[in-house]
Amino acid sequence: MNLPAGFVTKYQKLMGAAAPDFFAALTGSVEKGFRINPMKPTTPAMQAKMTAPIPYSPIGYYGKVNGNALEHLAGAVYSQEPSAMTVGEVAKPQLNERVLDLCAAPGGKTTHLLSYLNQTGLLVTNEINPKRVTALGDNVERYGARNTVITNETPVHLAKALPGFFDRILVDAPCSGEGMFRKDPAAMQYWTPDYPAECAIRQREILTETVKMLRPGGHLIYSTCTFAPEEDEQMMAWLLQTYPEFELEPIEKTAGMVDAKPEWADGNPELTKAVRLFPHLMRGEGHFIAKLVYRGAEEVKMPKLVRNNLKPEQRQLWEKYVAQSQLSGLEALVLQAHGDQLYGIPAMMPVTRRLKIFRPGIQLGVFKKNRFEPSYALALASADLALPKLAINHDQWEQYVHGETFSLATTEPTGFTVLTCAGLPVGFGKVVGRTVKNFFPKGLRFLATDENTVL
Ligand SMILES: C[S@@+](CC[C@H](N)C(=O)[O-])C[C@H]1O[C@@H](n2cnc3c(N)ncnc32)[C@H](O)[C@@H]1O
């Protein structure tokens, strides 16, 4: 791998004696990792893989997972390079907080935040790019979140709609991606000596809107996967100068993390509280993270919250399904029909008419003529819900994800049933006697074999 010449010249100066080690690491091999989803059961295959814990994350492990494996498709594991896991650990929300992940696709940090919210509070997860928001939706659905609203908005629009609203905001900023050179060498093609300064302009615009959305005492976590001081220390120096009501909070440094470098910005010693992750000092690709607290005093009046909007006949169909399936655990959600789709909206979500909402909550199912059909998303979010469940083996799971109808050894109660494999909910089937009709989403079907689904 040939690093861009301008990059080498710049970092020879900045890194000094450490430059050869830094460059050598950037041309070395990529470090892989995965997180487990604490809201879902751990399968034996996961246990067997969880041999090398990541020291700074209780849910992170070194190693690679297969995207076709049962555990990945059922949202029990998430593939994430180890240094990216520091962001979720630093951001770590408290239960019941209102959290915004402003630059969220494909959802690595979002799923990490969800692990700590544990179905409480509210996560508004936003992606500006309409193409990338789909992947975010898929990952949130697989993860089984019931407390999440997905928006497809600009920071400007969000700040207008939700001023002073959030307890915690993560800005995992679009950046020059120098920490991705090893993982994705194509990132080097975009790099020019001016690129970090161009990215910094956009980051300042994003942060200018972000600060408007925090409550007094709220936390802002800013991260990049680049080494460029313009986007890291200099961005935080600018923020502290421009918004004196923000203070940096210290981040604990372990496993090779080092203090951020005031000498790469305005010399403000406070900047050492932020953290740098370099690939020659730790097992990961590289990141910069800063955590700030907002000391402003002005409370904003909380907006009106979402309300149920079901028509009487829709309510009846839903209540009939709840009674038949003895479903419980969703009582806290606000129910809204959008067309024929039923959504469960987190109760802490305000009414925001002007926002582009990609998914207003968890999609619970569809109203069909005279009946309600539960959704794939509900099955994936049902690990801790009371619903009819039926254990299937791995061979049956392979048939299921291929879209086949399959048979059971015994007659089971008729109706929509969450199928579980190795304890993990994998989707709905409709049991009729000894036959399971297939409700695995058509767009996700694939030919699974014992070989291509090994975790
Ligand atoms: C570093 S990536 C996010 C990675 C994500 N947090 C994760 O962990 O999977 C930055 C994201 O910011 C988005 N973005 C680009 N320009 C933006 C802008 N002006 N405002 C907000 N987000 C932007 C990009 O589309 C991209 O998805």
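Quick reminder: no glycine exception, Cβ is built from N, Cα and C everywhere.
TrEMBL: automatically predicted annotations, no manual curation.
Quick caveat, the model's predicted, so the values are computed rather than measured.
Confidence in the domain 'SAM-dependent MTase RsmB/NOP-type' (11-295), given as mean pLDDT, stands at 97. Among the features that TrEMBL reports, domain 'SAM-dependent MTase RsmB/NOP-type' is placed at 11-295.
Under the DSSP three-state reduction, Asp172 (S-adenosyl-L-methionine binding site) is assigned to strand. Annotation comment: TrEMBL describes Cys103, Ala104, Ala105, Pro106, Gly107, Gly108, Lys109, Glu127, Asp172 as S-adenosyl-L-methionine binding site.
Here the Cβ of Cys225 (active site, nucleophile) has 26 other Cβ atoms within 10 Å, regardless of which shown protein chain they belong to. The active site, nucleophile annotation in TrEMBL covers Cys225.
Using the Cβ center of Cys103, Ala104, Ala105, Pro106, Gly107, Gly108, Lys109, Glu127, Asp172 for S-adenosyl-L-methionine, the list of other same-chain residues with Cβ within 8 Å runs, in sequence order, Asp101, Thr110, Thr125, Arg132, Leu136.
Listed in sequence order, the binding-site residues from Cys103, Ala105, Gly107, Asp172 having a Cα within 10 Å of the Cα of Cys225 (active site, nucleophile) are Asp172. For the S-adenosyl-L-methionine site listed in the record, the two most distant Cα atoms among Cys103, Ala104, Ala105, Pro106, Gly107, Gly108, Lys109, Glu127, Asp172 lie 12 Å apart.
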